[in-house]
């Protein structure tokens, strides 16, 4: 049976929305008309999607920084510093973990303690507890577009408050913000929650407000094979556009090998457009984001900044639209220090130097791109074959049987049988394919690549390869070579 895509009827959705927000009527004013008027009152340069479109016209790769302060004034100060000193083109606000998990009362208590002590005590910004009125101060006081980054499998209330406040971008999805983040939340629930979120975005789009919806590409950010991330981004894109989302960002979290990083983004762009065309989704704007290295950084500062430089160079030649810049002190309690600014300026300088340069799609990139597309196509085809008209149901079954499998994910709804490792060139391959629906040729290809590394390093093929690869980059290496004693 062919896949059936059906947008929730507007009146039906508004009734669903009314019933949902009834539980939070004392929390905020959820008037859509007021929110739409506020968005329309903002200048174009504060709208995330409009600025992306301008950067495409200007053939310019944009930089994006992030901040995670609990206190409002600290957050605004930090964001403005990243814009004025670090020259960031876009900014993100990281939401605290209590809000991500819908524990708003816990966030409220710690926010109150933070205000009393004049110190950020949460690991992010508790947007819902501040409410729309105070959140609009951020929009008004910061001169660049702002995105909400979170990690919530149920982002309905968070996105409601974000859009009401004037934010014009956020990331996530029913798969990408569940499987890598949560242990016990079912895909059925998270996919349904994000169906609400996507339809809400559709309502704003129908009223002339451009909202950028980024698919969260890094997943666990631990040796995720490109075909896994690309497959999930394709599926989440289809589910989003079904509900009226018009502006989507897709991307790559740096894998490590230059050829594979460039190839994976090329493969993703081609495949996304192919599936949008296949299902006759028109007028969908696709942009790309390259996430600098998300794993551990070397402890030595110069080595850490070398990794920022390496990431930027790859992003430059991938011709992405936007780079999500990382802070080498990523896990510090707050990010008011200079390391984020240093990363921004370093990234900006490399982009300025390399702006008019390019790498032609030489043979190795084309080969790897086609390899990723073959793997992705076989995963997607298997999921579609089990659809019975319902894509969400097929996605749930795909994870249950390991047709889709994210390495090192905490979710009990993820099979966790597939195991990755790098080959001798540092490309991510499959040490154990698990239940991924690959043909024998693909399986042979990966076995050969892993065997080549084994012979080159004179080591056994086992899980120790994977462990070594996980920690290699934090030691300033792409591959941690350990030969048999």
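Here the Cβ of each residue, glycine as well, is placed from N, Cα and C on the backbone.
Annotated features, as they stand in Swiss-Prot:
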type    : residues                : note
BINDING : 100, 149, 150, 171      : L-glutamate binding site
BINDING : 123, 180, 297, 326, 330 : adenosylcob(III)alamin binding site
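Between the CA atoms of residue 100 (L-glutamate binding site) and residue 326 (adenosylcob(III)alamin binding site) there is a gap of 21 Å. If you count neighbouring Cβ atoms within 10 Å for each of the binding-site residues 149, 150, the highest count belongs to 150.
The binding-site residues 100, 123 differ in how many other CB atoms lie within 10 Å of their CB, and the one with the most is 100.
Across the residues annotated as binding adenosylcob(III)alamin (123, 180, 297, 326, 330), the widest Cα-Cα separation comes to 20 Å.
The full span of the recorded L-glutamate binding residues, 100, 149, 150, 171, taken as their largest Cα to Cα distance, is 12 Å.
A Cα-Cα distance of 14 Å separates residue 180 (adenosylcob(III)alamin binding site) from residue 171 (L-glutamate binding site). The two recorded residues residue 330 (adenosylcob(III)alamin binding site) and residue 149 (L-glutamate binding site) have their Cα atoms spaced 14 Å from each other. Listed in sequence order, the residues 94, 95, 148, 151, 152, 155, 158, 170, 172, 177, 216 complete the 8 Å Cβ shell around the L-glutamate site centroid, once 100, 149, 150, 171 themselves are left out. Note: the Cα of residue 326 (adenosylcob(III)alamin binding site) and the Cα of residue 150 (L-glutamate binding site) are spaced 16 Å from each other. Residue 171 (L-glutamate binding site) falls within a strand when secondary structure is assigned with DSSP. In the three-state DSSP reading, residue 149 (L-glutamate binding site) counts as strand. All chains included, 24 other C-beta atoms sit within 10 angstroms of the C-beta of residue 326 (adenosylcob(III)alamin binding site). Residue 171 (L-glutamate binding site) is surrounded by 24 other CB atoms, counting those within 10 A of its CB over all protein chains shown. Under DSSP, residue 297 (adenosylcob(III)alamin binding site) is assigned to coil, being neither helix nor strand in the three-state scheme.
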